[in-house]
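Student: For Glu25, Leu26, Glu85, Asp296, Lys365, Arg372, Arg373, the entry in Swiss-Prot reads N(1)-(5-phospho-beta-D-ribosyl)glycinamide binding site. Per Swiss-Prot, the feature ATP binding site maps to Arg118, Lys159, Ser164, Ser165, Gly166, Lys167, Gly168, Gln169, Glu199, Gly200, Phe201, Val202, Glu207. Annotated domain 'ATP-grasp' per Swiss-Prot: 123-318, in sequence order, evidence recorded as sequence analysis. Here Swiss-Prot flags Glu277, Glu289 as Mg(2+) binding site.
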Amino acid sequence: MQIGQRLGTPLSPSATRVMLLGAGELGKEVIIALQRLGVEVIAVDRYPNAPGHQVAHRAHVIDMTDPDALRALVDAERAHLVVPEIEAIATDALAEIEAAGVAEVIPTARATQLTMNREGIRRLAAEELGLPTSPYAFAQSFDAFRAAVAQIGFPCVVKPVMSSSGKGQSVVRSDADVEPAWQYAMAGGRVNHGRVIVEGFVQFDYEITQLTVRAIDPASLKTRTYFCEPIGHVQVAGDYVESWQPQPMSAKALERSRDIAHRVTSALGGRGIFGVELFVRGDDVWFSEVSPRPHDTGLVTLASQRQSEFELHARAILGLPVEPALATPAASAVIYGGLDEAGIAFEGVRDALAVPGADLRLFGKPESFAKRRMGVALATGANVDEARERAKRAAAAVRPVSAR
């Protein structure tokens, strides 16, 4: 396929085929962005009727950690691009697919391998690139974990090396928290059970996501790094509940944030969008994590930018020009399921959309859990404070209810 030169017609011999591995709410928006450019999209997830399944040309349900099943599906679908949207994937199979020239892996198979677990990316950032990070230690057993906690000191944060959206993450503040934190981490890890990272606390003023795009510069036809305006966010137990753009920060802190983001994404390589998470205190910045894909806090860009993070990702992976400029201050607020039930309904939608500048994305997940993210409210405003107030008001108006 001639990246950036030619796009085909979906469901025809000329089709440009993209396979997404992971079809949640972020994957769904990427699929929509790709389809607007006439791309044929295949959505893959571990459960049926995932949000992205509902809008893709074809949908598959497989265990993506099974290398044989993954390779067989890529071969059968003859995808030109394979785009991981989650961490729990057989990355060795992706490396084989890339090496054999079967498909291009986005951003690269190596980047996917490094970022699929917190150990790979932390060692790259801190030990190879020398980026400032929180103090950390890894542990494979409970005894080693207890020693790591003693080394780092209280308070500290414990995370499985393989998890997302705060699963298995907790704060250890005293000896009484040590064993419960280990058990919680063991239950929350997706794969590679038994290995955790223990991180020391960083005293920060705020957290940001620096969305960073590696895309083809139409003038030079070489890969160039682009930056979105910084996104501020609030997390509870490692899961984002609110985000806004732009996050006010000093010129020096912004410069340092973009330097860190540029260095880590350049080391990972490839094309696409990266969500670089950073801690900021005054002019000082610490690297936290990076995801080589759209970031959940970046849902705000559906309202704040002319090209959302999903459109930027679609364009970048296809070798097309990108424009990451801010259009307006905006905010997002999460809508949780509130109950454990399949096929729920939503009340209060009219009231939510009556909030000035507000919009909604209800993800269409087939099953709700009390703390599962089922939708998001978006809002624009004259400034970030107004946008945040509107987004929270719109989110609060939506009431998930039993459909029975």
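Just so you know, glycine gets a Cβ as well, placed from its N, Cα and C.
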Student: Do me a favour and check the Cα-Cα span between Arg373 (N(1)-(5-phospho-beta-D-ribosyl)glycinamide binding site) and Phe201 (ATP binding site); whole Å is fine.
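Tutor: Answer for this pair: 27 Å between alpha carbons.
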Student: Determine the Cβ neighbour count for Arg372 (N(1)-(5-phospho-beta-D-ribosyl)glycinamide binding site): the number of other Cβ atoms within 10 Å of its Cβ.
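Tutor: There are 16 such Cβ atoms around Arg372 (N(1)-(5-phospho-beta-D-ribosyl)glycinamide binding site).
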Student: Just the number: how many Å between the Cα atoms of Gly168 (ATP binding site) and Leu26 (N(1)-(5-phospho-beta-D-ribosyl)glycinamide binding site)?
Tutor: 21
Student: Just checking the binding-site residues Glu25, Glu85, Glu277, Glu289: which sit within 10 A of Arg118 (ATP binding site), CA to CA?
Tutor: Glu289
Student: Please list residues from the chain of Glu85 (N(1)-(5-phospho-beta-D-ribosyl)glycinamide binding site) whose Cβ is under 8 angstroms from its Cβ, counting only those at least six apart in sequence.
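Tutor: In sequence order, Leu20, Leu21, Gly22, Ala23, Gly24, Leu26, Gly27, Val30, Gly52, Arg293, Pro294 meet the Cβ cut-off.
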Student: I'd like the Cβ neighbour count for Arg118 (ATP binding site), meaning other Cβ atoms within 10 Å of its Cβ, all protein chains included.
Tutor: 22
Student: Express the predicted model's confidence over the domain 'ATP-grasp' (123-318) as a mean pLDDT, rounded to an integer.
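Tutor: Here the predicted model's pLDDT, averaged over the domain 'ATP-grasp' (123-318), is 95.
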Student: Look up Glu289 (Mg(2+) binding site) in the DSSP assignment and report helix, strand or coil.
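Tutor: Glu289 (Mg(2+) binding site) sits in a strand per DSSP.
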Student: Which one is it, among the binding-site residues Glu199, Phe201, Glu207, that lies nearest to Arg372 (N(1)-(5-phospho-beta-D-ribosyl)glycinamide binding site) by Cα separation?
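Tutor: Checked the binding-site residues Glu199, Phe201, Glu207; minimum Cα distance to Arg372 (N(1)-(5-phospho-beta-D-ribosyl)glycinamide binding site) goes to Glu207.
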Student: Long-range neighbours only, meaning 6 or more apart in sequence with Cβ under 8 Å: which ones does Glu289 (Mg(2+) binding site) have?
Tutor: Arg118, Ile121, Val276, Glu277
